[in-house]
Structures are given as structure tokens and as C-alpha cells.
Amino acid sequence: MAPRLASAITVAVFLLHATAALQTLFVNTRTPVPHDPASVAVAVVLLGTLFALQLQQTRWVDRPERRTAALLVLAVQAGLVYLPAWHFAQAWVGLHSFLLGTALLVLRGPLRWLAVPAVLAGDALHQALVYYSPQDVGYGIVYTLTSGLVIFGVSRLGAQVAELSATRDELARSEVALQRAEFVRDIHATLGDALTSLVMRGELARRLLVGHPQQVQRELAAMRTAGRRGLAEARKLARGYRDAPQGASGDAPTSRRALRPAWALLVAVLVGFLVSRQLSALQFPNFHVTELVVGTACMVGLVALHPLQVSWACRPSRQGAARLALAAQAALAALPVLVFHSLHMVLANVLAASALFALPHRIRWSAFAAVVACVALLGLFAVETAPLTAVNYVIIALNGGLSIYGISRLLLMVSEVQELRRELAETARAAERLRLGRDLHDLLGHSLSTVALKLDLAHRLAATRSDRAQGELDQALSAARAALGELGTVAEGHRGLSLRREYATVRDTLRSAGIDVRLRTEHEPLSTPVETALAFVLREATTNLLRHSTARRARLTVRHDDGGVTAEVANDGVGGGPGEPAGGLANLTHRATELGGTLRTQHTGGWFRLSVRIPLAVAEPSGPDH
């Protein structure tokens with residue numbers, strides 16, 4: 001939506017400037033202008049070509065591969081501005097603004113700033129040949145500079161809106177990548193080195209099992225402590241990622257600094273309109289110094305309030321202040337008319353533009369039209385201005401008002417798109433943190449629980465049954481190596497799990513803990529997302545059973561039912577303990593919900609049951625998790 005609206009604003013401003021240039025072909029002017037149909041037709045064709053080339057230039061902003069083409073088009077535009085000037089005289093004066101705006105847009109480095117005085121010098125020469133009056137030439141130069149800044153501003157800001165909108169997904173992906181890199185640093189610093197050390201000490205303990213009972217007891221005790229510490233650190237890290245999502249790396253002050261050139265451009269345009277209004281007023285023979293002083297003071301106040309109107313437009317809490325400021329602007333615009341009975345020092349364009357920001361949507365364009373209509377009515381009836389002068393005031397109010405609105409609106413759009421990009425990046429980063437926290441808990445939490453359990457058993461058995469202790473130690477080392485491999489799996493998000501492998505792991509783990517296990521599976525081959533979700537159910541249920549239950553018996557069932565598959569884990573202990581399992585069950589609920597499923601827990605007949613049902617006729621979830 002934003003790029004289309006930005007393009008519409010750009011086209012509207014260009015069209016208004018082209019129309020203002022053409023007006024002299026249809027009204028009487030102080031200098032001879034060809035009014036015959038052939039001249040008008042040629043002028044329309046040339047102006048249409050200039051207009052089309054200007055639109056094309058806006059599409060090539062910040063595209064290095066189109067730079068040569070943009071420079072060639074700039075040369076063509078210069079020809080369209082200067083060559084017809086000898087024939088169309090005054091009608092072609094206003095077109096230097098298109099050339100100036102394009103030069104600022106296309107040229108780089110010193111050439112850009114050399115082009116500004118060069119274009120203004122050409123404009124001054126053209127106007128000197130047409131007008132002769134120094135006041136007219138001065139007014140024309142300021143008008144060209146101001147209009148050129150408007151054309152440059154709407155082109156540049158419109159292109160910036162499009163660019164920011166197009167790259168918002170790229171920014172979100174970048175934030176996800178940064179979050180993953182931060183996670184990898186955290187997890188390797190917290191767990192990677194500890195697991196590697198644990199595996200090395202485990203290999204040493206295996207060699208010491210036969211013939212060195214005291215030394216192996218010390219090693220196994222140290223390994224058991226390290227394993228429990230690693231499990232606690234993993235849970236703490238997972239909690240931190242799940243419960244305290246951090247914002248994106250970008251910050252609001254950076255966005256505000258990036259908008260400073262746009263605000264400076266808006267102020268320059270407003271000052272340009274103010275100065276051009278002063279120079280225009282000096283052309284009238286009955287103009288007095290008192291009117292100049294009072295009118296300038298009123299215009300300065302009117303102009304100074306407009307940036308405030310723009311900054312308040314997106315702040316509902318400032319609506320009352322914005323409307324009071326608009327009333328003050330209306331009073332400042334009306335004062336010169338009431339006191340001096342003239343429109344010489346009235347900046348109706350600024351008032352009209354401010355109305356588009358201060359008033360509610362339903363009436364703002366009506367208010368804009370009312371301001372322009374008031375200029376026409378006051379010019380014709382209240383101050384008895386000549387019809388041609390009244391028409392000129394209306395064109396200035398309409399063209400200037402929409403130009404100021406265009407730059408102001410595009411400035412806000414750039415700010416809004418930047419804010420949207422920042423919010424999307426924060427959302428993507430927070431979602432990735434939640435995913436990393438869930439996966440860390442579900443993957444590594446289970447592996448590290450297995451390591452801790454096996455080391456506990458190995459430590460207890462080492463003194464009396466070294467053969468059994470070696471088996472438990474081997475399983476602990478295997479689980480530790482699996483945990484090391486899962487570090488990268490968590491960070492990259494590749495976490496497809498095998499149910500068949502999980503069945504064997506869960507059965508062996510529970511039997512090692514002295515729990516009688518019965519496993520029943522009655523299902524067809526499942527898709528990877530469903531199989532992974534059910535594997536996580538078995539992992540989490542097993543981990544909770546070992547930590548929070550005094551169970552002696554466990555029953556694991558995975559079966560097809562009507563249109564879905566259900567996994568159930570039941571045990572005859574207390575189960576469902578407080579504290580950490582809540583995080584795990586929340587993770588399982590999230591995974592089941594992603595696939596359209598549900599999770600239930602219940603206590604019946606002295607047994608605790610956890611079941612997850614997932615419908616099979618669902619699409620695989622999308623997003624960064626998959």
C-alpha cells in the first residue's frame with residue numbers, strides 16, 4: 001500500500017507543476033506567448049515527454065546499473081527545457097524546476113552542487129529575456145529553486161518508501177540471523193565447552209573402571225555434578241530466551257537521524273515559498289513597508305507551525321494541540337487580508353497543507369478545497385484583485401499546498417515504513433528467540449536429563465557392578481555426544497526427529513531408572529512435522545516423569561484414531577509437578593497447536609496421563625521454525 005500511495009503522490013505533484021507551466025498558454029500574460037492550436041499541441045507533447053521522463057527518473061533512483069541511462073535522460077530533459085524556450089517564452093520559464101530536481105536526483109558529488117547554480121543561471125538568463133524586471137527575475141529564481149526541491153524531494157522520498165518496503169523482509173531475515181549468531185555464542189559458551197569436557201572425562205573414567213575404583217568414583221562424581229550443572233544452565237538459558245525476548249538491534253534514534261535530511265528539505269521548501277511570496281509582493285507598486293513587516297511576521301508564524309502539524313499527525317494525543325495550531329495559522333493567514341485588504345502576504349498554500357494533517361480524515365480535503373476557494377473569492381470580491389492575479393493566487397495555493405503536503409506526507413510515510421520495518425524485525429527476532437528457547441528446552445533438555453540420569457546410575461554402580469556401570473557410562477557419553485550435535489541443530493532450526501529412534505531411547509532411559517515400561521505403537525508412517533511433534537511429546541513426558549514422579553510403571557501409546565494420531569504417556573507416580581514442567585508443557589501445547597492439535601493432562605485412578613492428539617489432514621506450518 002505504501003509504495004503505491006507514494007507513487008500516486010509523486011505523480012500528482014509532477015502533474016500539478018506541469019499544469020502550472022501550461023497555464024500561460026491559456027491565459028493572457030505580460031509577454032507574448034503563442035496561443036495558436038499548433039503551438040499548444042506541440043507544447044503539450046513536449047511537456048508530456050518531459051513529464052514521462054521525470055517519472056522514469058524516479059524509478060531509477062539508487063539503481064547503479066541504470067546510472068548511464070539516467071544521465072542520458074537528464075541530457076534529453078535539458079534539451080526539452082532549453083531548446084523550446086525561444087519559441088514559448090514565458091510559458092517555458094517554470095520548467096527549469098524539473099531540470100533542477102532531476103539534476104539533484106541523478107548527479108553525484110561535486111557535479112550535483114555545480115548543477116544547481118548552473119541551472120539557476122540558465123533560468124535567470126531566460127527570465128531576464130522574458131521579464132526584464134529584476135524583481136520578476138528574483139521571484140522566478142526562488143520559485144525554480146523551491147519547485148526543484150519539491151520535485152527532488154517527492155522523487156527521493158517516494159523512492160525511499162518503495163525501497164524500505166521492499167527490504168523489510170530482508171531486514172527481518174537479518175535480525176533472525178543475528179539472533180541465531182548470538183544464540184550460538186551463548187550456547188557454546190554455556191554448554192559446548194562443558195559437554196566437550198564431560199565427554200573427555202567420561203573416556204578417562206571408562207579406562208579407570210577396572211582396577212581404579214576410588215579414582216573412577218571421583219571422576220564420576222565430578223561428571224555427575226558437571227552434568228547437573230549443564231542441565232541447570234540449559235534450562236536457565238532456555239527460560240531466558242522464552243521469557244525475556246529482546247528487541248531488534250535497530251533503535252528509534254537511528255531512524256530519527258535518518259529523517260533529518262527530509263525535515264531539512266521540508267523546511268527549505270517552506271522558506272522558499274515564504275521568500276517567493278515576499279518577492280512577488282514587491283512587484284506591486286502600491287505595496288508598503290508596513291505590510292511587508294506585518295505580513296512577513298504572519299508568514300513566519302504560519303510556516304513555523306507546519307512542521308509541528310506534521311510531527312503531530314501520527315500522535316493522537318496531540319490532536320487538540322494540532323487543531324489549536326491550525327486555528328492560529330488561519331488567524332495569521334487572515335490578518336494581512338483584514339488589515340491591508342490584499343493577498344500579497346498570504347501563504348494560503350501552507351494553511352491548506354496544514355489542514356490536511358490537523359483535521360479528521362472525513363473533512364480534511366473539504367477544508368483544503370475551502371482554503372483554495374477562499375483565496376479565489378477574497379481575490380475577486382474582498383480585495384478586488386484583477387482576475388488574472390486571482391487565478392495566479394489560486395494556482396499558487398493549489399500547487400504549493402499539494403507540494404508541501406506531498407513532501408510532508410512522504411516524510412511521514414518514510415517514518416511509518418521505518419517503524420513498521422523495526423516492528424517486523426523485532427517480531428521476527430522475538431519469534432526466533434522463542435523458537436530457540438523451545439528447541440533448547442525440548443532437544444537439549446532431554447539429552448542432558450539423560451546424561452545426568454546415566455551418570456547417577458554409573459556412579460552408584462561403579463563400586464559394585466563395574467560392567468553395568470560401564471554400560472550406563474557409555475549411554476551417558478552417547479547422550480552427551482548427541483547433545484553436542486544438537487547444539488547446531490537448535491541454532492539452524494533443522495530438528496526433524498525419528499519416532500522409532502525415540503521409542504528406543506525412551507524405553508532404555510526409563511528401564512535404566514528402574515521403571516517398568518510398556519510401549520504400544522499402532523500407526524502408519526507419519527509426516528516429518530507430525531513425527532517430530534510426537535517425538536517431542538515422548539521426550540518431554542519422559543523428562544517430567546523422571547524429575548517429578550515416583551513412578552514404578554509407565555505406559556506409552558501412539559495410535560491412529562478417527563482422522564488423527566494420538567500419543568499418550570501414563571505413569572503411576574504423582575507427575576505433573578510444579579515449576580519447570582509448565583514451560584515444557586507450554587512448548588508441547590505450542591507444537592500441537594501449530595499442527596491443529598490439542599494437549600490434555602489428567603489424573604485418574606492413581607495414574608497421571610499426558611496425551612496429544614494431532615489431526616492428520618492439516619498443512620505443514622509455515623514460518624521461520626520450519
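Heads up, the Cβ atoms here are built off N, Cα and C, so glycines get one too.
TrEMBL tags one of the stretches 94-115, 116-137, 138-159, 424-445 as transmembrane segment, and that stretch is 138-159. Two recorded stretches are said to be in contact when at least 3 C-beta pairs lie under 8 angstroms, sequence spacing 6 or more; the transmembrane segment (324-343) and the transmembrane segment (262-280) fall short of this definition. Only residues 6 or more beyond the boundaries of the transmembrane segment (138-159), in the same chain, are considered here, and those with a CB under 8 A from a CB of the stretch are 6-7, 9-10, 13-14, 17, 54, 57-59, 61-62, 93-94, 96-102, 104-105, 116, 119-120, 123-124, 127, 131, 262, 265-266, 268-269, 272-273, 275-276, 279-280, 283, 403, 406-407, 410-411, 413-414.
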